[in-house]
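Asks: Just dropping this structure here.
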Amino acid sequence: MSQPPDHRLRRLLLVHAHPDDESINNGATMAKYAAEGAAVTLVTCTLGEEGEVIPPGLAHLAADRDDILGEYRIGELAAAMKELGVTDHRFLGGPGRYRDSGMMGAPQNERPGCFWQADLDEAAGDLVEVIREVQPQVLVTYDTNGGYGHPDHIKAHQVAMRAADLAADPAHGDGEPHTISKIYWNCVPRSVVEEGFRRLRAAGRSFPFEGIATADDVPGVLDDAQVTAAIDAGAHAERKSAAMRAHATQIAVDGPFFALSNDLGQPVFATEYYRLVRGTPGTGGGADAREDDLFAGLGV
Ligand SMILES: CC(=O)N[C@H]1[C@@H](O[C@@H]2[C@H](O)[C@H](O)[C@@H](O)[C@H](O)[C@H]2O)O[C@H](CO)[C@@H](O)[C@@H]1O
Ligand SMILES: [Zn+2]
């Protein structure tokens, strides 16, 4: 039987598709709130079984070889959470319940048991259990396109939003209903992306990446005015980089830059951005009148 949540604490729930997404999108935010004593819960929907593998010595883990990458990425995620100081991380429905669906259009999208094929209400029901146990005031997930159109990211968005509705519905299932006060979608202001790539191109450094990505490769780019919160977690930038490094099969990090297995360099953002899509914004303490705290206005 799980313990009831400590209602005195700030409680943040993040829902992600694969091990590595949490560190890339929210690593600094997670480290910041964990360091401040908030209860941070991560739910990852798949084990990332279909990922490519960067280190040649680990290539055997891949789905088309030994097919043990998912098990290996459980360890990478645990190491990343240790770097961020996050102690509550779970897999939706338990480890391996929903398999990585591969990139949009891949044959793996049709594989029985993959997340893309999961029944929405069944998967959302698994998340309702976590929501009603943890009772978060704030939920973070992807936008409707999953940031960049990956099927598992799109499904993670759909499951998170559906579960938020079901968890609040007294007529749904067992347990006390819980209404999440604020829901945010990950995003990045276009001006920040453009500046980040300008820095990357100007660096001219001999970093180990084959090429340089483009703004279109960055998930969730929005016009600046649509971005409603900026969490400056620069003090935790090193923790974010260390967490990204822990996902070594997926991410190569070089100073303020990183690359996925496509070997295209991108900037690491220590300020992480969000768009409030449900709930009332707090007073904007940050620049551009944006919120500088995801719990702003909640009195916690
Ligand atoms: C960040 C993210 O969502 N990674 C996913 C993604 O990985 C990409 C995929 O392997 C693609 O083929 C590569 O070109 C790209 O570099 C990778 O980032 O999709 C994987 C398969 O679904 C998933 O395991 C990985 O976590
Ligand atoms: Zn992902």
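Each Cβ is built from the backbone N, Cα and C atoms, and glycine gets one as well.
Got these off TrEMBL a minute ago, pasting:
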- His18, Asp21, His153: Zn(2+) binding site (BINDING)
Asks: For His153 (Zn(2+) binding site), which residues of its chain lie six or more apart in sequence with Cβ-Cβ distance below 8 Å?
Replies: Ala17, Asp21, Tyr142, Asn145, Gly146, Gly147, Pro219
Asks: List, in sequence order, the same-chain residues at least six positions removed whose CB sits under 8 Å from that of His18 (Zn(2+) binding site)?
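Replies: Those within reach of His18 (Zn(2+) binding site), by Cβ under 8 Å and sequence separation of 6 or more, are Thr44, Cys45, Thr46, Leu47, Gly48, Gly51, Arg73, Asp100, Asp152, Gln250.
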Asks: What are the other residues, in sequence order, whose C-beta lies within 8 angstroms of the center of the C-beta atoms of His18, Asp21, His153 at the Zn(2+) site?
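Replies: Going along the sequence, the neighbours come out as His16, Ala17, Asp20, Thr44, Cys45, Thr46, Gly48, Tyr142, Gly146, Gly147, His150, Asp152, Ala156.
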Asks: Going by DSSP, is His153 (Zn(2+) binding site) sitting in a helix, a strand, or coil?
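Replies: DSSP assigns His153 (Zn(2+) binding site) to helix.
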Asks: Where does Asp21 (Zn(2+) binding site) sit in DSSP terms: helix, strand, or coil?
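Replies: Where Asp21 (Zn(2+) binding site) sits, the three-state DSSP reduction gives helix.
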